């Protein structure tokens, strides 16, 4: 008997049915227009009419009407194709409670989505077969829906209501005297004897049981997007799950099963809260970010350091606080040299901004500007590198010509490799936050080097870890299973589709 029961599925497989008025080649072309996993259960040459507001029939198009079983959408459609151009002209889904009328043998009507629709058949034999295919399908769907609504155990039985009272909790049982305990236990036994014991006969059978969880998932319609929990929606967005997947019956069931296996909605939400990343730190460096803006807001050259305009620093040169603008202080021998020794690498930048008589000192100032605000401890530059010491000390008196300045600047640039040998320990300790920040910027060697691999690694573990990664893996397996199906699996899907026709409520 078991082998006999397993044989019914093969007859359920639907094959394409062509039109009697078309040639075999035209029918084959029609079948290719249906699409993947789509089968026409009946085909006929028709004219499509629609009723306008004046209740008059107006012709819309003509072509081949097909009763299409669309497996991907798990639904049935009436579609009209143009076999010459190979395109779809019109379609109407067979919705719930669809009514198909035939006032004439060749003229069939039904209610469309927007208006009353009619099919005018070119051949009455085709019209008869087409009507039979549609009515048989509607009858089968109606029987299945009624079968699902009726409970398997016959009529509904009223549920017996039983009042179960919780036993009273008294402290005498533990702390009272023995006499009270004995009397209390006797009264308790009498009370128990009076109560009627609950039996299976007193419990009614469940009826119209439907599992509607607070997840917002329904076996037939998928997830309810309007009432979906915000935290679950955030999880689905993180996993890249679309609304169409949440509404799909099979895909939504996979997601729902995953949530149940994980421990339910509350467990998933707790896991999400636990895995939520902490707020990012305000900044990576030690010095606060505010100091840089005021420093940059001052005059363009760093020497100003935001304390005042460029002109005042020259007058304050003897204080050694802002020695940067040495152009005005070339006569003073001590302040200019320290700037030269401190950081001459950036000289090329400032000479362009200060093309006055002594361009060499400004470049050196650019490098030292904020670094040497305290006293300039370093002694005058050694005579080793001729360009640097000569330029600041004798720049105003001995190098009036621009050609000499340019040559000195080039010499200083060439000797830049020697100037980089200044040890970091010899620099004065800066006391202000701004100076410390500038020190850190100039001392690029101390900055932590970040490898290229580290940049790409942080983002990867986050999305693929925990509950998010597990759900993404489930969805990837689901996607692979859908895209890797072959023709044999398609036929199995059709059988399941017939057995599991669940697109209606």
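Glycine is no exception: its Cβ is also placed from the backbone N, Cα and C atoms.
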Out of 96-117, 184-205, 206-227, let me know the one Swiss-Prot marks region 'Disordered'.
184-205
Which of the listed positions, 353, 426, 485, does Swiss-Prot note as phosphoserine?
485
Swiss-Prot annotation omega-N-methylarginine: which of 141, 273, 307, 316 has it?
307
175, 256 - residue that Swiss-Prot labels as phosphotyrosine:
256
Just to confirm my parser: what is the rounded mean pLDDT across the domain 'CRIB' (203-216)?
56
If I take the alpha carbons of residue 256 (phosphotyrosine) and residue 242 (phosphoserine), what is the distance between them in whole Å?
15
Return the count of C-beta atoms lying within 10 angstroms of the C-beta of residue 242 (phosphoserine), excluding that atom itself.
11
Within 10 Å of the Cβ of residue 256 (phosphotyrosine), how many other Cβ atoms can be counted across all chains shown?
18
